[in-house]
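**Student:** Copying in the features that TrEMBL gives for the protein in this structure:
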- His98: active site, electrophile (ACT_SITE)
- Glu170: active site, proton acceptor (ACT_SITE)
- Asn13, Trp14, Lys15, Gly176, Ser216, Gly237, Gly238: substrate binding site (BINDING)
Amino acid sequence: MNKALRKVVIAGNWKMNKTPAEAKELIAAIAPLVKDADCEVVACTPFVDLTSAQEAAAGTNIQIGAENCHWEVSGAYTGEISAQMLTSMGVNIVIIGHSERRQYFGETDVTVQKRVRAALDAGLTVILCVGETLEQREQGITSELVAMQTKIALGGVTEEELKRIIIAYEPVWAIGTGKTATAEQANEVCHTIRECIASVYSQAAADGITIQYGGSMNAGNAAELLAQPDVDGGLIGGASLKPNDFATIVKAATEG
Ligand code: 13P
């Protein structure tokens with residue numbers, strides 16, 4: 001299947017940055033720069049910024065998403081936010097399983113699976129993050145590891161539901177380090193993930209799923225990464241906080 005038929009998605013992951021007032025300013029600065037994008041443009045913000053970001057994004061082509069959600073609808077889970085809470089405020093996309101959640105907050109493949117299930121049940125689209133550490137890459141287990149993360153996270157997800165899954169391949173060693181995977185490395189692992197989807201679901205599902213690359217993607221390297229046949233977009237950390245850089249990446253996606 002021609003890559004051009006897949007949905008290309010450029011998503012910012014703001015992580016723990018920006019106050020609500022700053023979020024409003026940042027969206028307002030990005031909006032005019034990406035208004036002609038012919039890919040999907042998403043900004044995933046901290047929970048407290050969602051409302052002001054949505055207000056600033058109203059009437060633009062920017063979708064506002066969240067960075068995580070819990071697997072229960074409600075209950076005694078101090079500090080967590082449910083998928084229903086997100087949909088109730090008009091959010092329809094959420095990142096699940098980011099490596100920072102796995103690394104610093106005890107997120108496991110099993111809790112990622114539970115969060116994916118809850119997000120899909122609530123009607124959300126999920127950006128599911130997978131990726132290996134440097135040690136795992138050096139051990140030569142990247143393909144197996146990423147396939148395993150993908151399979152566990154998608155356990156119980158139907159082929160119909162898969163249409164609301166975007167997979168983000170984010171090598172942990174490339175996140176926030178300025179060390180980007182080469183275009184070949186990024187494409188190779190995105191291809192492995194696509195083959196994994198083909199083996200679990202179908203070739204049609206594999207051909208249709210959007211697979212992003214994330215990890216130090218920036219205005220300078222985006223075009224080469226996004227031109228790869230299996231890279232259908234980007235999940236952008238640091239550069240998503242810089243309007244001109246983010247807009248350059250969006251433009252590169254359109255041309256990729
Ligand atoms: P950086 O673009 O800052 O490396 O972050 C990538 C990332 O983790 C996006 O989710």
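Cβ from N, Cα, C; glycine included.
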**Student:** Starting from the Cβ of the residue listed as 'active site, electrophile', draw a 10 Å sphere and report how many other Cβ atoms land inside it.
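**Tutor:** 28, counting other Cβ atoms within 10 Å of the residue listed as 'active site, electrophile'.
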**Student:** Please give me the CB contact count at 10 A for Ser216 (substrate binding site), counting all chains in the structure.
**Tutor:** 21
**Student:** Less than 6 Å between Cβ and the nearest atom of ligand 1 is the rule; apply it to the binding-site residues Asn13, Trp14, Ser216, Gly237.
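**Tutor:** If the test is a Cβ under 6 Å from any atom of ligand 1, the answer is Asn13, Ser216, Gly237.
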**Student:** Which of the three DSSP-derived classes (helix, strand, coil) applies to Asn13 (substrate binding site)?
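**Tutor:** Once the DSSP labels are grouped into three classes, Asn13 (substrate binding site) ends up as strand.
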**Student:** Using the CB centroid of Asn13, Trp14, Lys15, Gly176, Ser216, Gly237, Gly238 as the substrate site centre, which other residues of the same chain sit with their CB within 8 A?
**Tutor:** Ile175, Ile236, Ala239, Ser240, Leu241
**Student:** Per DSSP, to which secondary structure element type does Gly238 (substrate binding site) belong, with helix, strand and coil as the options?
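**Tutor:** Going by the DSSP assignment, Gly238 (substrate binding site) falls within a helical segment, counted as helix.
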**Student:** Sequence order is fine: just name those recorded positions in Trp14, Glu170, Gly176 with a Cα within 10 angstroms of His98 (active site, electrophile).
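**Tutor:** Those close enough are Glu170.
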